[in-house]
């Protein structure tokens, strides 16, 4: 999972991109980068957060009418500035590109690009594969047209296996965006009548004054020329399988993704969780969310069960999201720094904690311990998603089956392991019902083990080896 933002036709692309990236900082906090174009590419890559990496001095250094930006959460390649996006190639034309997703056949395709296509791959980040496949086929085209661009993107669809929402700027030509045929990762775009902008989430577009927006369709190519002409074409149709975890955890609650309001989806998930717990409502004195993501669901659950809702855990806003921190030790260490209890809301009470998910169990264990030490009489744990049991190869950095606590033991024993008096999960069918008010087809592979595209075992083994070596 990463965040992308791009704009063309802007009076100041850097300011628009900077604003847009700040709104999707939650999607990646390892590195960030901005590239703008003003007769040449202007680029700045940095480690850490957007607000710490750019300042007023960059307004002149990164001038231009168009550009793209990125915030990274590593899934292929190590963290650090050497694998920051956007990336760049100078042939043909000069192309800069960024993406959100995960290229499953990264290692096998990288080998072929080097040996057969004679392309130079200058970092370990997987968007390099998308960029170099696209650039190779574009270099074979005799004339630059929208149809030739579509043909090159079709070649990407043919050769690149995985999830990818892509934005790119081609020097002297225009802005390109496309989404993989399955549509795993979100991509929205809109216009204020002057500039066009693209982002992983709608909230970024609203931050720069764009109120009218829509989704880039799965398999769709959009190209906007430097003169402002927009071209659109769906070059490959497939069953849309958006990642359901976007609504569970990744996306901001004030975003709309694939026509589904994230806040309302999480509220419905809280109501679905209340249905599961309705016969046990007398076992709880208070509902406490694990901030921030679970607040909406916890509020819905408390309302449905007529139980008090309280903010019993206060989040340090300067600590990042623990789920997307690289390395288990960092995640555990961050819990104490991130959360602090309000003892008056917890002492001598039977607490129902609500969270979005449990992966390895260590974070949940630390939170339960924190609440008990604050004086809670009982601590019950409820999760508004099903047990995570299977690796994700499409943008979440959980790629080993033995990472999941749900695969190691029974739910009762998981409750004991995390120190809770009870543990409740939301069944998969209720998750789909809660999110899918407008549609019922999602990627649920991390919950169900059912993958919607063919996966080669060697590619899977290569990814697992890479992630082992990255920590």
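Glycine residues also receive a Cβ, built from the backbone N, Cα and C atoms like all the rest.
Those TrEMBL annotations? Automatic predictions, nothing curated.
As recorded in TrEMBL, the features of this protein are as follows:
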type	residues	note
ACT_SITE	2	active site, nucleophile
DOMAIN	2-227	domain 'Glutamine amidotransferase type-2'
BINDING	243, 392, 443, 446	[4Fe-4S] cluster binding site
BINDING	293, 355, 356	Mg(2+) binding site
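Among the recorded positions listed here, namely 2, 293, 355, 356, 2 has its C-alpha nearest to that of residue 392 ([4Fe-4S] cluster binding site). Classification of residue 355 (Mg(2+) binding site) by DSSP places it within a strand. Take the CB of residue 293 (Mg(2+) binding site) and look out to 10 A: across all protein chains shown you find 24 other CB atoms. When the C-alpha distances from residue 446 ([4Fe-4S] cluster binding site) to the recorded positions 2, 293, 355, 356 are tabulated, the minimum falls on 356.
Considering only the recorded positions 2, 243, 443, no residue lies within 10 A of residue 356 (Mg(2+) binding site) on a C-alpha to C-alpha basis. When the alpha carbons of residue 293 (Mg(2+) binding site) and residue 2 (active site, nucleophile) are compared, the span between them is 17 angstrom. With respect to residue 355 (Mg(2+) binding site), the closest of these recorded positions in Cα terms is 243, chosen from 2, 243, 443. In this structure, 392 is the one among the recorded positions 2, 243, 392, 443, 446 with the smallest number of other Cβ atoms inside 10 Å of its Cβ. Between the CA atoms of residue 243 ([4Fe-4S] cluster binding site) and the residue listed as 'active site, nucleophile' there is a gap of 13 Å, rounded to the nearest whole number. Other than 293, 355, 356, the residues of this chain whose Cβ falls within 8 Å of the Cβ centroid of the Mg(2+) site are, in sequence order, 248, 249, 289, 290, 294, 297, 354, 357, 383, 384.
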